[in-house]
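*Asks:* The structure that follows is given in the form of C-alpha cells.
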Amino acid sequence: MTLDISREEFVEHAKADRPVVVRTAAELDVDVEPLTAYAALTGRTSDVAANDYTFLLESAEKVASSDPDGAFAPETDDRHARFSFVGYDPRAVVTVTGDESEVEAFDDRYADLVTTDGGDVVDDLRAAMPDVALRNFPAMDRQHLEGGLVGFLSYDAVYDLWLDEVGLDRPDSRFPDAQFVLTTSTVRFDHVEDTVSLVFTPVVRQGEDAGERYGELVAEAERVEAVLSDLSPLSTGGFRREDEVAGPRDEYEDAVERAKEYVLSGDIYQGVISRTRELYGDVDPLGFYEALRAVNPSPYMYLLGYDDLTIVGASPETLVSVAGDHVVSNPIAGTCPRGNSPVEDRRLAGEMLADGKERAEHTMLVDLARNDVRRVAEAGSVRVPEFMNVLKYSHVQHIESTVTGRLAEDKDAFDAARATFPAGTLSGAPKIRAMEIIDELERSPRGPYGGGVGYFDWDGDTDFAIVIRSATVEDEGDRDRITVQAGAGIVADSDPESEYVETEQKMDGVLTALEEIEGEPVDVAERAAGHEEVTR
C-alpha cells in the first residue's frame, strides 16, 4: 500500500512550531458502493469493531425534468453529486445541549486539542476544531469533505443563539443542540473518476514521531482495503410497525389560524408551523436509508449513526455553503404536487409559479436570505443569480432561488452558519418573532428538524443541508421511535386545510420509504435466511 506522499515528505510537512494537519490519501483497489462500504466499516457486515458515531453523506444532483417518475438522476459532474463520503472512526465527539458542552475523545492524542468555548453553540463548535496549520491540501475546483467536524445542529439551538435575548428558555428535549464528530479518516468515492480513496487528515503535534504516524496511516489503509474487498451484496433489513401517533388535524389547523392572526396583526409576515408523525416498532436504518434514496433521491442524502440516534434524510435545500470566500444559500419556498403525466406536471408547476401567494412568499424569503448572507459578506457582493426555478422531486415540486455573496475577510464558515441559522424557510419573517410564535404554537421541541446536517472542513469550507424530508430513529431499547416532521409557511391568506395537506405531501417521501420496507424482516440474518417472523 502506498500513500500519495512518501514518508519523507510527510515528515517534512509535519515540521512546524504548532500542531499540523498533514493531508494524505491512498487509492483503494476495491469495487464497492458507498452504502455497502458504510455497512462493512461500521461492523454491520464485517467483524470490524464499530464506533458509535459514523456517517454516510451522498447526493443525487438537481436536474431539470418533467418526468413524474424520476425528477433526479445521478448527474455526477455537478457540485453535490460527484463525491460520497463515509466516516467510520472519529477522533472525538462534541455534544452541546443548552449551556452544557461535552467532549469525548476516542484518541488520547486529541484529548486536549478538542475543546469547547463556553460561549454559544457555534462558539463551542469553532473551539472544537483544533487550531492547526494545514499542509498538502490540494486545490480543488469544487467543494468536498477533507476531514473536520461532521454532524448536526438541531433547530432548538435557536434558544441559545437567538431566543435567550427575548427571555425564552430552552425547553427540555430528547436531542442535543449540536453533535459533531472530529473525523480524520474519510472514505471518499469520486463518481466521475470512478475511484475510492481513504483520505487522512491527522493532527501531528510538535515532538511527535511523524514517521511512526505515517506508518499507522499505511496500516490503516491496508486494513480498510482488506475490509472492503470481496464483499457480498448488501442485504438490508425492513420495518415492523407497532404503533403510530400523529397530532390531531384540527389542532394543527387551529395553530395555522392562530399564526394567521399574528400575520394580520403585523407581528410577522410569514411563519412556518410544523407537525409530527411518530411511528413505533423496529426498523433497520440502513434499509430505511436505502429505500429513501430510491424513493426520493435529493441533493443531500445523509445517514448519521450517532450513538442511540440515527438521522436518515433526503434534503433538497442548502442551509449554507462556503467554498473559499464564496457563500451560498438556496431558499426553497413554494410547493405543489407532482403530476401523473408530463403534461399535468408542467401544468401544476405553471399554476404554482402564477400563484400570487406563492410568489410573494418566495420573494420575501429570498430577501430574508439576502439579509442573512449580507451579515457575513463583503459590502455590495450579495447577488441572486438564480430566481424562482422549479425543482422536481419524487412527490412534490418546489420553487428555489440561489443567493450568493463573497465572505468578508473577518468572517469564517462558523460566522456564516450562525448568520443563516435557522433558515428563514423553516422559521419565518421576521425571524426572531416568528421563532417566538413557533415556540408558542408547536406541541414539542423540533429537535433536528429544521436544523442542519453537514460539516466544517479543515480548510474553512462548510456545507449544510436543512433537515427536512428526513426522519430521526431513536433506539429506545425494546423498540425504535421514528419521528417524521414537516411544516408549511403561513401567510395572511393561508387556508388551514391546504396547509395541512402540504405537510402530508412533504412527509410522503419518507413515509413511502418506510412502506417500501414494511413487512420485511428487520434482522438481516433472518431476512437472508428467508424467515417470515421478525425477532430483534
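A Cβ is built for glycine as well, from the same backbone N, Cα and C atoms used for every other residue.
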*Asks:* Which candidate from Tyr306, Tyr449 does Swiss-Prot annotate alongside Gly334, Thr335, Arg469, Gly487, Ala488, Gly489 at the chorismate binding site?
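*Replies:* Checking Tyr306, Tyr449 against Swiss-Prot: the chorismate site match is Tyr449.
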*Asks:* Which candidate from Ser46, Ser59, Ser84 does Swiss-Prot annotate alongside Pro299, Tyr300, Met301 at the L-tryptophan binding site?
*Replies:* Ser59
*Asks:* Cβ distance under 8 Å to Glu361 (Mg(2+) binding site), same chain, sequence separation 6 or more: which residues?
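*Replies:* In sequence order, Gln270, Ala333, Gly334, Gly489, Val491 meet the Cβ cut-off.
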*Asks:* Over all shown protein chains, what is the count of other CB atoms within 10 A of the CB belonging to Gly334 (chorismate binding site)?
*Replies:* 26
*Asks:* Spatially, which candidate from the binding-site residues Thr335, Tyr449, Ala488 is nearest to Met301 (L-tryptophan binding site), comparing Cα atoms?
*Replies:* Tyr449
*Asks:* Just going by other Cβ atoms within 10 Å, which of the binding-site residues Pro299, Gly487, Gly489 has the emptiest spot?
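*Replies:* Minimum Cβ neighbour count within 10 Å, taken over the binding-site residues Pro299, Gly487, Gly489, occurs at Pro299.
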*Asks:* Give the distance between the Cα atoms of Gly487 (chorismate binding site) and Tyr300 (L-tryptophan binding site), rounded to the nearest whole Å.
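*Replies:* Cα-Cα, rounded: 19 Å.
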*Asks:* List the binding-site residues among Ser59, Tyr300, Glu502 whose C-alpha is within 10 Å of the C-alpha of Ala488 (chorismate binding site), in sequence order, or say none.
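*Replies:* So far as Cα distances go, the binding-site residues lying within 10 Å of Ala488 (chorismate binding site) are Glu502.
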*Asks:* C-alpha of Arg469 (chorismate binding site) to C-alpha of Tyr300 (L-tryptophan binding site): distance in Å?
*Replies:* 10
*Asks:* Including all protein chains displayed, how many Cβ atoms other than that of Ser59 (L-tryptophan binding site) lie within 10 Å of its Cβ?
*Replies:* 26
